[in-house]
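Single-structure report; data block below.
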Amino acid sequence: MIAEKVADHFKNIRRKVEAGQRLDFEDGLVLYDPRVPLQELGELANHVREQKHGNVAYYNINTHLNPTNVCIYRCRFCAFRSDLRDPKGYTMSDEQVLARGAEAFENGCTEMHIVGGLHHKQPYEWYRGMLEQLTAAYPTIHLKAWTPVEVGWFEFLTKMSVREVLDDLRQAGLGSMPGGGAEIFHSEVRDQICEHKADSHKWFEVHREAHRLGLRSNCTMLYGHLEEAFHRVDHLLRLRELQDETGGFQTFIPLAFHPENTELANLKKPTALADLRNLAVARLMLDNISHIKAYWIMLGIETAQVALHYGADDIDGTVRHELIYHDAGATTPEFLTVQRMRDLIAETGREPVERDTLYRHIHRDPSDYRKWTVGAPTATVGT
Ligand code: SF4
């Protein structure tokens, strides 16, 4: 009887999606119900994905920069952080940061993704300065940097408002913001996994201010630890609400929890089926966010490929120097060549399209791939 009710509710969801109607909290709970067959859920998410993006799948050429792993916080899901005196702890010098910029430039990267720990001995100027130096030396590389966790820390260090901090970082070269630090917004879970760092109120305040200043940002959700389905649905609806208000989110990235080397190492990593369900539910619930990303570093290459038929339209970048998930046991390669990235997408029947951080076409010089120009915005229908 209950199974029949779920099946009827799913039929109703299908009708709503096909009619372009928005799904509600109860719909979200049903989509997470394991009695809804994953394949049917995936087909519905794929229908929406193809309406928005046709057959293309996006990627970019990017690198990661994690300038320090020293962090005042001890989030229970984090394998990356270190204490100052721990042999694992590191803090990059200006020269090391600039060398990373040079490597990115040499490899034709259009983006640097910059996040890290909150180092109690480093002043705000150190964080700001690296944006300024990288922008001066490599002005064509877009700097996607700092989460609300860091911005909240900068607010504390400088006594400036969030808006003033963001404006100051923008003047130093900040191009957009990544989606990290969101984890799970609901306090029942957040208080158990990262009780000290920026709460959901701060997370939304920072993104709202960033959007008001004209910055675009991404958003994420860390799933597969202590949360239940209703926490995930609550999380998605809070993101959808801010997007209704500002329209500033570009991409949603569901992040699978990797337990290795964390305080929650007793938990099992989410399965590929759970990964695909999260991507598909996100595509269906977040009707106002253009892109859903299958982050291959975290999902593994094969799951990310399948995800391109379960709601995802973006597979992230070639990525160099990813540390956060590799510290937590990710076994994916540390980076992919451009050709490998294109081949992986093409193998799924999708058409690979290179984008920049702001979802504009990138045109490469065929005789030297390190040279590129920015083209028109990529087309998205229905957002
Ligand atoms: S997730 Fe970020 S804030 Fe939390 S401990 Fe790790 S580095 Fe620090």
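The backbone N, Cα and C atoms fix where each Cβ goes, glycine too.
According to TrEMBL, the protein carries these features:
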BINDING   C71, C75, C78  [4Fe-4S] cluster binding site
BINDING   F77, E183  S-adenosyl-L-methionine binding site
DOMAIN    57-290  domain 'Radical SAM core'
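Sequence features, as recorded in TrEMBL, placed on the structure.
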{"residue": "C71", "record": "[4Fe-4S] cluster binding site", "DSSP class": "coil"}
{"residue": "F77", "record": "S-adenosyl-L-methionine binding site", "DSSP class": "coil"}
{"residue": "E183", "record": "S-adenosyl-L-methionine binding site", "DSSP class": "coil"}
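Cα-Cα distance from C75 ([4Fe-4S] cluster binding site) to E183 (S-adenosyl-L-methionine binding site): 10 Å (rounded to the nearest whole number). When the alpha carbons of E183 (S-adenosyl-L-methionine binding site) and C71 ([4Fe-4S] cluster binding site) are compared, the span between them is 17 angstrom. All chains included, 22 other C-beta atoms sit within 10 angstroms of the C-beta of C78 ([4Fe-4S] cluster binding site). Checking the binding-site residues C75, F77, C78, E183 for a CB within less than 6 Å of any atom of ligand 1 leaves C75, C78, listed in sequence order. Long-range Cβ neighbours of F77 (S-adenosyl-L-methionine binding site) (same chain, at least 6 residues apart, Cβ-Cβ under 8 Å): E183, I193, C194, L222, H225, F257, P259, T262, E263, L264. The [4Fe-4S] cluster site is defined by C71, C75, C78, and by the 8 Å test on Cβ atoms against their centroid, the other residues of the chain that qualify are Y73, R74, F77, F80, R81, G117, C194, K197. Around the Cβ of E183 (S-adenosyl-L-methionine binding site), a 10 Å sphere holds 27 further Cβ atoms from the protein chains shown.
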